Amino acid sequence: MADPPGCCHPCATCLLCLYSCQWITAKKEKRKGLRTTKCDCSWFLFLFCVFLFTLVWLYFAIIILNDFHNFNEYIFKQRKLWLDWSLVLLIATAMLITYSAVLLVLALCLQLCGQPLKLHWLHKTLLILTALVVAAAFTGLGIKWAEEWRSARISLQATGPFLHIGIVGGMTLLAWPLASFIYRTRNTGLKVFLLLVYCAVMIALYLAPLGITSPCIMEENQLPRKPALVGHRGAPMLAPENTLMSLHKAVDCDVQVFETDVMVSADGVPFLMHDEELTRTTNVQAVFPERAALNSTAFNWTDLQQLDAGSWFLERRPFPTVQSLSAGDRYQVTKQRIPSLEQALEAAKQSNISIMFDLRPENHSDYQSFVNATLEVILQSGIPLQQVLWLPDGFREQVKQQAPGLQQIYGRKRLQNEKEPLLHVNLPYQDMSSEEIRQYRQDNISVNLYVVNQPWLFSVLWCSGVSSVTTNACQVLKEMKHPIWLLPSSTYLMIWIVVDCVSLLAILWAFLLLK
């Protein structure tokens, strides 16, 4: 069989060498009578499936980057080892997708050149390992981080229209090697089967936009106002979390609320700290090595004031942005100490921003005394009570009686026939759909969702009409003047029709040209 136009013997030989790991020239291959067997076709199908499987994992890996800091904190809590595991994830995923993509391209080029698809056993082994690694990654995600499946569903609202265009384009390109294979094979049954499957897939893709929904498919004048920003532990990408420097950096990012976590020392002083242990965000192992594993509430205020709450930020670099800090900021980081709630309230009052906090640990035997100590500090601080957003559920009724001016924030959805309607809710972004957000907005219920770091996610929630978002990346979201994309429905319909028509013409051209 003659080689198709444009396929020279040296090129075919090179492709055979890379795919089969054997230096067989195209002429020698013809003399030996090598052909693509059913087993070879099965391995090509497996290669195609592995490529798609790995591509889907790449999509998931990009989506879960929004929440990966939580994973880093979890690993540190378990192993006392800090590493930006997102880099490991992306590098490993890039290697797997590159390998399977290169093999797939080689196979398609060999098919167009009329060469046999003799995949080497080493490639077969590596493909099986690739499939097992990706399967293990998905399994681990489902067991340990199941909420990310909901994140993926939300992401489709941001990427659905573009994924549709990309998949249609990819399937259109696949028409060329498919047409080449169909015209070469003598198996009529296989020809009919492949054509039916391909046509069914393309018809489904052409009609897919009927099922694609996104809050960002709307007219410009329907776009809700930009959500307010809530600084998650301040501005943790620019300064050590839960420090006064982090609060001031958050103010520079135009956040309206400083979100933090409060604990109470052994001698009754409320202070800012997220973790139950001090090891991640202080130098407690150097100052009090024998007490480092104790709960943060076991230390008195005098001991806590001796700890450095900033240098870890420069040493561990929890975010890539640490590398870009100025010399002045680096010096200021080393001077950070654990702030008391009183100091944080004073800074919030002077900066005219609100403060929202959790009171930890909720299961402590002295939790009621923690509530009382915290309320006392708030009432004595002189901050307007409407600037304090109270999150803890424990002893909430008592708090309402002692400080009725506090804004009560609930970490749950509203209930049917609720006696006292909710005015403010604070939930993970995975827990509310776009429809629920719109309904709460119509009912004048303020919705804050956390933790939102990626512009794509912020754009979806903006289009949905969320009131505010808690973020680590206030410096990024501050600069967004508009959602990443916004399409009127008429424009989207026109793009849909054009893409489908161009794809159909390209497929017909491929089958007619290679006939």
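Every residue gets a Cβ built from N, Cα and C, even glycine.
The annotation transmembrane segment is assigned in TrEMBL to 41-65 (among others).
Panel annotation: around the transmembrane segment (85-113), residues 3-4, 7, 11-12, 15-16, 18-19, 26, 44, 47-48, 50-51, 54-55, 57-58, 61, 65, 68, 71-72, 75, 119, 123, 126-127, 130, 133-134, 176-177, 180-181 of the same chain, lying at least six beyond its termini, place a Cβ under 8 Å from a Cβ of the stretch. TrEMBL lists 85-113 (among others) with the feature transmembrane segment.
According to TrEMBL, the feature transmembrane segment maps to 125-143 (among others).
Using a Cβ-Cβ cut-off under 8 Å and counting only residues 6 or more beyond its ends in the same chain, the transmembrane segment (163-183) has close neighbours at 4, 108, 111-112, 114, 156, 191, 194-195, 198, 201-202, 205-206, 208-209, 212, 495-496, 499-500, 503, 506-507, 510-511, 514-515. Residues or ranges marked as transmembrane segment in TrEMBL: 163-183 (among others).
Per TrEMBL, transmembrane segment is recorded for 192-212 (among others).
TrEMBL lists 227-481 with the feature domain 'GP-PDE'.
Sequence-distant contacts of the transmembrane segment (493-514) (same chain, six or more residues past either end, CB-CB distance under 8 Å): 4, 161, 164-165, 168-169, 171-172, 175-176, 179-180, 183, 202, 206, 209, 487. Residues annotated as transmembrane segment in TrEMBL: 493-514 (among others).
Within the same chain, residues 160-161, 164, 167-168, 171, 174-175, 178, 181-182, 492, 496, 500, 503-504, 507 sit at least 6 positions outside the transmembrane segment (192-212) and bring their C-beta atoms closer than 8 Å to a C-beta of that stretch.
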